[in-house]
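Q: This structure is in structure tokens; I'll ask about it shortly.
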Amino acid sequence: MKVGIVGTGMVGSAAGYALALRGGASEIVLVDHNKKLAIAQAEDIAHAVPFAHACVVRAGGYEELEGAGVVILAAGVAQKPGESRLSLLSRNAEVFSEVIAQVRRDAPDAILLIASNPVDIMTEVALRASGLPRERVIGSGTILDTARFRSLLGTHLGIAPQSVHAYVLGEHGDSEVLAWSAARAGSEPIARFAVQVGAPITGEIRAQIDASVRRAAYRIIEGKGATWYGIGAGLARIVQAIRDDQRTVLSVSIVTPEVEGVADVALSLPRIVGRAGILTTLMPELTESEAAALRASAELLKETGAGLQ
Ligand SMILES: NC(=O)C1=CN([C@@H]2O[C@H](COP(=O)(O)OP(=O)(O)OC[C@H]3O[C@@H](n4cnc5c(N)ncnc54)[C@H](O)[C@@H]3O)[C@@H](O)[C@H]2O)C=CC1
Ligand SMILES: CC(=O)C(=O)O
């Protein structure tokens, strides 16, 4: 499958690199208004291909996106240290007003995969601007936060993160909700598993993990200016689920008809991802306080999105 990437800075290039290493695409086209950057990124990523899977990697204009099955949108500005994702909204909405029209003109059949922040509201912006059905405009949402949650739980329990089944719901951002009550390790509820391996999840451990997931981006941006490896791998994972019609359950964002009483809001829930995009949305069983936190996250996103119209 041909995959387009618009915005070839840290996130776009990391997605291209991860896709090349995973064998997630037969052709990758990099588009950026900084053409010199796109050309350099394509050349660099192409040099990884002999160590991975056959794939053509090149830079091009929007017209080169023709025939793409997925176009990743990672264009726009990123957070500076201390800045929130939501503060990027008006600047990145302006970028999308230009980019989406060109992608739709040249790759009318592509699923749009949104990475630019604030990713949930940018997903809503992209849906409106594209006129596509909601299941074909997918935000990476909390795929990254879920990976962070699983990684920290895996470390605490002394098991591979692949054996942790836990999700972060709601906003990819400060109001996100770690669904502790639905978390499992293997097939065991997480708290019971933790006791069995001698690593109980105390209130203190839980608070530490929650803060560490929620503040990860701020911490990494403070240290190295941006985040890119985690999201690059996450984007490649979503593309592969689409390309191979894997029907994998991933926490991603689409505009959802109703969440905890909030109508038409883009946020993350576990969803089945396949060739047609989002096939089904799953609503985990939550405690009262988790449901209230999800409602608050949905309300925040709805209000912030409405402010843009
Ligand atoms: N969804 C997620 O989990 C994550 C999202 N992000 C977001 O991804 C976005 C990109 O971040 P970085 O790659 O670090 O930024 P970056 O500044 O390295 O790259 C952005 C690229 O977009 C390009 N661009 C800007 N306007 C454009 C336009 N009109 N047309 C084409 N290209 C355009 C720039 O030339 C630049 O190369 C940011 O909004 C950031 O917040 C970052 C990390 C994780
Ligand atoms: C920057 C960002 O959204 C993240 O790393 O979570």
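Quick reminder: no glycine exception, Cβ is built from N, Cα and C everywhere.
Feature table excerpt (TrEMBL):
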DOMAIN    1-139  domain 'Lactate/malate dehydrogenase N-terminal'
BINDING   Val11, Asp32, Tyr62, Gly76, Val77, Ala115, Ser116, Asn117, Ser140  NAD(+) binding site
BINDING   Gln79, Arg85, Asn117, Pro118, Val119, Asp120, Asp145, Thr146, Ala147, Arg148, Thr227  substrate binding site
DOMAIN    142-303  domain 'Lactate/malate dehydrogenase C-terminal'
BINDING   Arg150, His165  beta-D-fructose 1,6-bisphosphate binding site
ACT_SITE  His172  active site, proton acceptor
MOD_RES   Tyr218  phosphotyrosine
Q: Where the record says Val11, Asp32, Tyr62, Gly76, Val77, Ala115, Ser116, Asn117, Ser140 bind NAD(+), what is the longest distance in Å from one Cα to another among those residues?
A: 22
Q: Taking DSSP as the reference, which of helix, strand or coil describes Val119 (substrate binding site)?
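A: Val119 (substrate binding site) sits in a helix per DSSP.
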Q: Over the span of the domain 'Lactate/malate dehydrogenase N-terminal' (1-139), count residues by DSSP class, listing helix, strand and coil in order.
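A: Looking at the domain 'Lactate/malate dehydrogenase N-terminal' (1-139) with DSSP, the answer is 68 helix, 25 strand, 46 coil.
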Q: In sequence order, what residues of the same chain, 6+ apart, have a Cβ less than 8 Å from the Cβ of Asp145 (substrate binding site)?
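A: Expected: Val168, His172, Glu176, Val213, Arg214, Ala216, Ser251.
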Q: List, in residue order, those binding-site residues out of Val77, Val119, Ser140, Asp145, Arg150 with a Cβ under 6 Å from any atom belonging to ligand 2.
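A: Checking each Cβ against ligand 2, none of them comes under 6 Å.
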Q: Drop a 10 Å sphere on every Cβ of the recorded positions Arg150, His165, His172 and tell me which sphere holds the fewest other Cβ atoms.
A: His165
Q: Have a look at the binding-site residues (Val11, Val77, Val119, Ala147) and report the one with the fewest Cβ neighbours inside 10 Å.
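A: It is Val77 that, of the binding-site residues Val11, Val77, Val119, Ala147, has the fewest other Cβ atoms within 10 Å.
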